[in-house]
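Scroll down for the structure; my scribbles are underneath it.
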Amino acid sequence: MATGAENQWLKGRVKAVTSGDCLVITALSHNRAGPPPEKTITFSSLMAPKMARRGGIDEPFAWESKEFLRKLCIGKEVAFKVDYKVEAIAGREFGSVFLGNENLAKLVVKTGWAKVREPGQQNQDKVSPYIKELLQLEELAKQEGYGRWSKVPGAAEASIRNLPPSAIGDSAGFDAMGLLAANKGKPMEGIVEQVRDGSTIRVYLLPEFQFVQVFVAGVQAPSMGRRTTNGSVVETVPDEPNGDVSAESRGPLTTAQRLAASAASSVEVSSDPFATEAKYFTEHRVLSRDVRIVLEGVDKFNNLIGSVHYSDGETVKDLGLELVENGLAKFVEWSANMMEEEAKKKLKAAELQCKKDKVKMWANYVPPATNSKAIHDQNFTGKVVEVVSGDCLIVADDAVPFGSPAAERRVCLSSIRSPKMGNPRREEKPAPYAREAREFLRQRLIGKQVIVQMEYSRKVTQGDGPTTSGAADRFMDFGSVFLPSAAKADSDEVTAPPAAAIAGSQPVGVNIAELVLVRGFGNVVRHRDFEERSNHYDALLAAEARALAGKKGIHSAKESPAMHITDLTVSAAKKAKDFLPSLQRIRRIPAVVEYVLSGHRFKLYIPKITCSIAFSFSGVRCPGRGEPYSEEAISVMRRRIMQRDVEIEVETVDRTGTFLGSMWESRTNVATVLLEAGLAKMQTSFGADRIAEAHLLEQAERSAKNQKLKIWENYVEGEEVSNGNTNTVETRQKETLKVVVTEVLGGGRFYVQSAGDQKIASIQNQLASLSIKDAPIIGSFNPKRGDIVLAQFSLDNSWNRAMIVTAPRAAVQSPDEKFEVFYIDYGNQETVPYSAIRPIDPSVSAAPGLAQLCRLAYIKVPSLEDDFGPEAGEYLHTVTLGSGKEFKAVIEERDTSGGKVKGQGTGTEFVVTLIAVDDEISVNAAMLQEGIARMEKRQKWGHKGKQAALDALEKFQEEARKSRIGIWQYGDIESDDEDTGPARKPAGGRR
């Protein structure tokens, strides 16, 4: 110790009491990192009874002496000074310590817990400055029989503790399992004798004085390393004007320090970062203090694992939780598993928060990469349309108009995983209990109103499903779904949310994920620390635990019921015909709608015969895929009957194996729903006498026509249309549209838009409201073939909806890379650079394209590469697109051989008679008259309407032939039975 430190009063706090005359005092403040410096002070001129060393016994009254001093001053602020130092005993420092105005040495002597050591002749300077008062107080204590001077017979012997063998060092005689069995879950009183590191303490268990080492359950503090036996003790040098302890000193080893030194290795290993700070944190709170220990378990090395609780004023605190919350220990799963679930969750949550806040030992923590991302403020209400599996639903958003395909949102239930349904195309069978899980939700949710809280999205990895290289990333959206109108049986099965949750963010109702788990139809996903998870994760864990305890569903030892289903949709048509008699015998057959294949065609499951069939309405047809209103018809049917219980009557089966008949849902003929909405029409070729409730279907169709709904929006009642002049009557009823031509191709083909269609104005308004941003960053947006985007038309720089027709095979590397795009609302097609395309909002891209491909009926027009092809194309362009007129298009037939729309000239083609509103003859007849087209070849099996139309057109062709104009200038031309393919015209057209 520096000489200047003697005889100077310092301030500190009592950290530990090692005996009845010795304290460890730490500085109140310090200027360096880490724990404050400390001093070990023995009271000058006093000698308290000595505590037992290992294998020894106490001196009489040693424990009472130490306890008196411990209870008097532990954790309290004191003032002290060093009176003298004895080099012969490792430089031990002796001094005077005051608690407030009380001299602690005087209090100890006065109560008889220490005797006064008188100085020898050679040590006259090694004496307390209060020696006279101490001697007087000692004499009084002797006279009164206080403390060690007790005059009670046998008091000295009774004060000696009967110490059991120590459980530290040589633990051969210590029965850790027996101690645990006797005290499991019970709080045990103890006094902490030593802190080995932040999460390991050595304790006297009361009242037996069993000396044990306890590892704090669920946590692990940084290691203190291994130390040599020549340990150093801190020395104090005054460097503050107020006299606080602020430097280091050497002092004698305490009993606890000797215990640590005895187990130390001769090889020194440095401590981990924050180890010293964690140790001091624990010392400051529990060393030499009363604690309560709850034993949780014993590890394979016979070490005790327990929770340690201490008092902080009126509050009882958990040492392990405090260490973790302050970033001085980490959560340890293996020992936390011994604890109660609630305590374990608190530790885990505290560590996660410290990692997020980068506290202490987590300052440089970098969370592992995660493929999940939180979703904020995307809650909605809607109706369940489809149960995909036990953990995935499709919900129609109430905020989106009824019937819109954009209304449907796929929601995966957060933080749970149900058995997979498999994939019939890849010959993957459903996992055990997969069908049961889906059916369980189907019966409870289909058609029900639910509340959805979106919580996070996750990037789909290869483990989640097949991916193709270069394909755009796919994301799955997860959320919690609540059923407000749950049945009482279901409500009773799940844990009711606390009142605070109901008043806060949790909707009133049953959490569907919780219901799935309680029935044993799923497991809770064990997320990594920083992965997003359900906001109701704890409730899900509790539900899973209940299913495990009850051995329900996938947790039971029973195998799931085997089910063999005959799928006639993938079988030969002959097999379907074999089933026809058995289905016709039953008047109304209960069935479940498995899929909506189109507006009028479905896949049904018939439980009675465990069979799946393809089913279509008799005499009712919806627009085909790619045609206007086809998607809306599908959407309406999904909302109305998807996965619902229905009844069917089978009338016949077609050549493809599809059964034809009628369907009822809740006693309503489903076909009437489509007809009333203007999304289907009756087929006159199918005898009305063969259709059940045909009169209802006719009434529904008539109602839609009168209101001009959907496909009937341009319908004109009783209108007669001629290919030649207005006096020739077409008796067969045909659909008539009012249109404007937007693009002319060649070979008599062109694109039209419906005139006055409100959808056109709606989409134009949506596009006008968009804020077109700068070109996307290279690599952030990689559109592929078939994607709908925004593209800038080269002629007027307007932004329009477009479909990618061709795209670079590799990821985009330059803003000049070329994409061929098809403008789905106009029919134009051109090549544009990457810089001229943008991503499009799904709400704008969802509506079908407004441009409809058409071809002039009953005539053959030369292609652009043929003779008179350019003249024909120019004429058609002039009289249609160039005139700006409005036309009536009479649909003679629909050609679906073009398949889906993939670009210009593809998709369903309307074969039409086109006539301007103010003209007497059709464009078809006019082109024959100009000699730039010829009639189709007559066919013997053509229907009467077609023959009549050809008869009316023939006079116009004869007029051109006789005048030898156009293609007839050299006389008759050879008949060509084949239509020539149209060539594409450079982009242009109407805007």
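Cβ atoms are placed via backbone N, Cα and C, with glycine included.
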Next item on the list: Would you mind telling me which one of TYR433, TYR456, TYR605, TYR970 Swiss-Prot calls phosphotyrosine?
Entry: TYR970
Notebook entry, point to check: Which of the listed residues, THR728, THR980, has Swiss-Prot annotated as phosphothreonine?
Noted result: THR980
Next item on the list: Look up SER246, SER703, SER883, SER975 in Swiss-Prot and give me whichever carries the note phosphoserine.
Entry: SER975
Checklist line | Long-range Cβ environment of TYR970 (phosphotyrosine), under 8 Å and at least 6 residues apart | finding: ARG964
Notebook entry, point to check: With DSSP helix as H/G/I and strand as E/B, how many residues of the domain 'TNase-like 4' (587-714) fall in helix, strand and coil?
Noted result: 42 helix, 43 strand, 43 coil
Margin query: Across the domain 'TNase-like 2' (186-364), what does the mean pLDDT come to, as a whole number?
Written below: 80
Check: With DSSP, how much of the domain 'TNase-like 1' (8-151) is helix, how much strand and how much coil, in residues?
Finding: 42 helix, 46 strand, 56 coil
